[in-house]
Ligand code: MF3
Ligand code: CO
Ligand code: CO
């Protein structure tokens with residue numbers, strides 16, 4: 001297999017899937033406050049997808065070696081790095097949670113994105129980790145243009161994150177996406193400039209850095225087969241967008257009315 005190049009028609013399908021994936025996050029946003037459980041967030045996400053006529057890419061998703069994933073979305077709280085399974089524990093003031101939503105449209109296109117939510121008043125450390133992880137994702141996005149390399153994205157993210165005393169999770173990465181959830185290429189969130197695949201117009205992939213406040217090592221949590229936590233129990237944050245390589249630069253596809261404001265150093269969602 002190799003990296004798929006999306007046609008104009010494919011890109012139209014991806015724009016819709018990605019906007020709808022972002023709108024699921026908009027839909028649940030006002031409900032995310034102290035007392036809500038992650039199961040309830042999952043229910044709201046599924047309700048929104050039903051209204052849209054999309055389906056969740058995660059329910060029943062089962063890569064080799066994994067049990068079927070049970071949720072309509074992923075909810076990763078505090079030291080959970082990724083793939084947190086929605087449960088009945090209420091969120092409390094000071095928690096940070098990543099909600100990761102992937103939808104499939106009627107035409108079979110996948111849109112994948114995630115955001116961080118702060119539950120009530122959070123510590124300065126938690127706010128800083130979330131905000132700087134958001135900036136790191138955008139610094140990666142700003143590398144995207146024809147002729148750049150995947151290593152440029154990883155390098156930008158790693159340099160920024162480590163420069164702020166954080167660490168980058170290595171075991172999970174961004175990914176090509178289209179009519180397949182996880183396709184080539186792998187998009188590492190660390191690396192060296194000028195290395196790895198050269199970007200070409202029509203490539204679509206996610207950029208989804210997982211950044212830890214402490215050490216980068218992770219471990220599996222419990223025996224659900226999915227939940228990943230930081231080994232040192234430090235906080236972890238993640239943001240995710242699906243991005244198209246255009247003739248001149250990038251187009252961020254997972255945007256909607258409720259998308260958070262851009263970092264000050266970003267001037268455009270498409271270049
Ligand atoms: N949405 C995640 C990603 O960004 C994948 C979640 S797989 C699941 O690639 F099964 F855990 F939901
Ligand atoms: Co993804
Ligand atoms: Co995702």
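Cβ atoms are placed via backbone N, Cα and C, with glycine included.
Look at TrEMBL and you will find 13-247 tagged as domain 'Peptidase M24'. Taken together, the residues of the domain 'Peptidase M24' (13-247) have an average pLDDT of 98.
Here TrEMBL flags 83, 182 as substrate binding site. Residue 182 (substrate binding site) falls outside any helix or strand according to DSSP and counts as coil.
Under the heading divalent metal cation 1 binding site, TrEMBL lists 100, 112, 240. In the three-state DSSP scheme, residue 100 (divalent metal cation 1 binding site) falls into the strand class.
A simple way to gauge crowding: the CB of residue 112 (divalent metal cation 1 binding site) has 26 other CB atoms within 10 angstroms, across all the protein chains here. Residues annotated as divalent metal cation 2 binding site in TrEMBL: 112, 175, 208, 240.
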In the chain carrying residue 100 (divalent metal cation 1 binding site), residues 6 or more apart in sequence that have Cβ under 8 angstroms from it: 73, 74, 75, 76, 82, 112, 113, 114, 238, 240
Helix, strand or coil at residue 112 (divalent metal cation 1 binding site) [DSSP, three-state]: strand
Between residue 208 (divalent metal cation 2 binding site) and residue 83 (substrate binding site): CA-CA distance (Å): 13
Residues satisfying Cβ distance under 8 Å from residue 208 (divalent metal cation 2 binding site), sequence separation of at least 6: 112, 114, 137, 172, 173, 174, 187, 189, 238, 239, 240, 241
Other CB atoms within 10 A, centred on residue 182 (substrate binding site): 17
Nonlocal residues around residue 175 (divalent metal cation 2 binding site), in sequence order (Cβ under 8 Å, 6 or more apart): 181, 182, 183, 184, 185, 186, 187, 205, 206
